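In what follows, a structure is listed as C-alpha cells, so that the remarks can point back to it.
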C-alpha cells in the first residue's frame, strides 16, 4: 500500500512577485537541543514576522521566522550581499557569539529554510549514483586539530587546514516553478526549491565575486574577523512536476527509502504468517482433549482449567491500580487509532507542520470520558468501594507522571536556552486543557461507569480461595510475562527503527499506511499471545490471570526501552550530559504510553 500526500491546488490568487524565505530552528544529530535561528549571529530580518504556530509545532520546538532573503519571481541574482558580521577578539560579546557559532559547526547543526511552506533541500550524490535530498544544510564544518575532516568538510578538498572551521556563508538557490497554461490558470506555482551551500572568503564587500578560497575561521580567535553572507538565486520552469505532488521528490530521495519499503513489506508478511499458528494451536489442543476424553474412563472428572472455575473471577490484588491502567490504556488506544487513521488519509502530512502532535494531544484531551468509564466499570466489577480515589487516579496518575517528566525536561531545555523549551503560556494552556477539559470528561465517564451494573460473571466465585499447586518454571508469572512480550515486539521493531530515526535523526516519516497495518497486527498479536498464555496458566490451575493478562502484552514496553538504549549507543552520535538526559527522559514517556496501550 503506497500512501502519498496529495493536496488539491488552491484557488487562483492574484499573482505575487515577492518570494519570502522563512527560517526554522536549527538542530543536530549530535545534540537533542535545537536552537532558534536568532540564537546564532546570522543575518536577521529588520521587520521580522513570525507565522502563528500550532500546539504541535510548539511542543516540537519549531520556531519559524522571516529572513532577510527575499526574491522577486523570475529575477535572477548573483552574489548578492545579505549582511556583514564583524567580530573583535577584545570584545567579550563578540567572542561569545563566535564561540557559539563554532560550537554549532562542530556539532553539525543544520539550517532548515522554507519557501512557500516547502523545505529548501540540499541535494547531493551518494553511493550507487543515487541522489539524496536533505531538508536541511549545515552551518559549516570543522577539521580537527589532528587533521580529521568532519561532516560536510568532505565535499571540498580545500577544507583541509587543521583546527579550522569553514563557514557556509553563501548559498546558490534554485527555485523551480510550474506554469498552469494547460490547467487553465494563468499564474505560476512554486514546485521545488534547492540550494547548494558554499564557502567564500569575501575580501571586498563592495566588489563581491563569490569565487576564491573558502571562509576560514581559525580555532584560536586572535584577530578581527569579518563574515559576509551572500546568495545567488535562479529560476527554472519545471512543468513536469505538478503542484499537488511537489513533496514527492523529497520523500522519494530520503535515505533508506527502498530498504524501508522492503523491510516494511517483509515484516508485515512475516508478522501475518506468525499470527496464524497462535489461535490454531489452542484450538488444536482443545479438539485433541475432547477426542481423548471420549476414550478415557475418567473423562467426566474435572481437570486443568475446569478445576479453577470457582476462583477464576476472584478480584485481583491492587484492583484499583489495574482499573486505572485499563482506563488510561483505553484512552491512549482510541487516540492512537484515530490519529493513525487520519494520517493514512493524508490529513496529517508533513506539509501540515505539527498537525500529527496537535491531533494526538487534542484527541487525548477529548477522550477522558472513555478512560473514566472503563476505569469505573472495571473497579466496580472488582467490588471496589473507594470510587472517589479511583476517579482521581484515573484523571491524574499517568498524565501527572508524564507532565512531571516533561516539566523536568523543559527545565533543562530552558537552562540551555533551547528553542524546544515550552513557553510558560503554553504550559499554562496545557494545564488548562488537562484540568479544564480532560479531568471533567473523566469525571463524566466515571459517573456513567459507576451507574452501570458490574460485569456479570458466568460462574459463582467460591468463598474460600483454592490452593494453587506447585508451578513449573514456564508457568510461573515472570517467565510467562517475559516471553509474552517477545512476539508483539517482533511486530514493531522494524518500524520502530524508522520512527526513532524520524525523531532523533530529524528524518521525515511518511509511511503511515504501513504503520497502520503494523498497528492492527500488533493489536491482534497482543490479544492472541495474552489469551494463549493465560489459557496455559489456567490449565496449570493458576487463576491469578488479571494482572498477568495486562503485563504479558505490556512487557513489550520493556523491550522497547532496551531497544531504545541499543539505538542510543549504536546509531546515534549524541554527546553531552544534557542531551543524554533529554533522550532518556523523553524515551521514558514513550515507554509509559506504550506500556498502557499494549496492556
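In case you wondered, yes, glycine gets a Cβ from its N, Cα and C as well.
Taken from TrEMBL, the feature transmembrane segment applies to 324-348, 354-379, 391-415, 427-450, 481-504, 510-538, 550-569, 581-598.
Taking pairs at least six residues apart, the transmembrane segment (427-450) and the transmembrane segment (550-569) share fewer than three Cβ pairs below 8 Å and do not count as touching.
The transmembrane segment (324-348) and the transmembrane segment (581-598) are in contact, since at least 3 Cβ pairs between them lie under 8 Å (pairs 6 or more apart in sequence). Sequence-remote contacts of a segment are chain residues at least 6 beyond its ends whose Cβ falls under 8 Å from one of its Cβ atoms, and for the transmembrane segment (581-598) they are 32-33, 325, 328-329, 332-333, 336, 398, 401-402, 405-406, 408-409, 412-413, 488, 504, 522, 526, 553-554, 556-558, 560-561, 564, 568, 572, 574.
Long-range contacts of the transmembrane segment (391-415) within the same chain, counting only residues at least 6 positions beyond its ends with a Cβ under 8 Å from a Cβ of the stretch, are 33, 61, 320-321, 323-325, 327-328, 368, 371-372, 375-376, 421-422, 427, 430-431, 434, 438-439, 442-443, 446, 578, 581-582, 585-586, 588-589, 592-593, 596. Listed as Cβ neighbours of the transmembrane segment (354-379) (distance under 8 Å, sequence separation of 6 or more from its ends, same chain) are residues 53-60, 62, 319-320, 322-324, 326-328, 330-332, 334-336, 338-339, 342-343, 347-348, 387, 390-391, 394-395, 433-434, 437-450, 452, 454-455.
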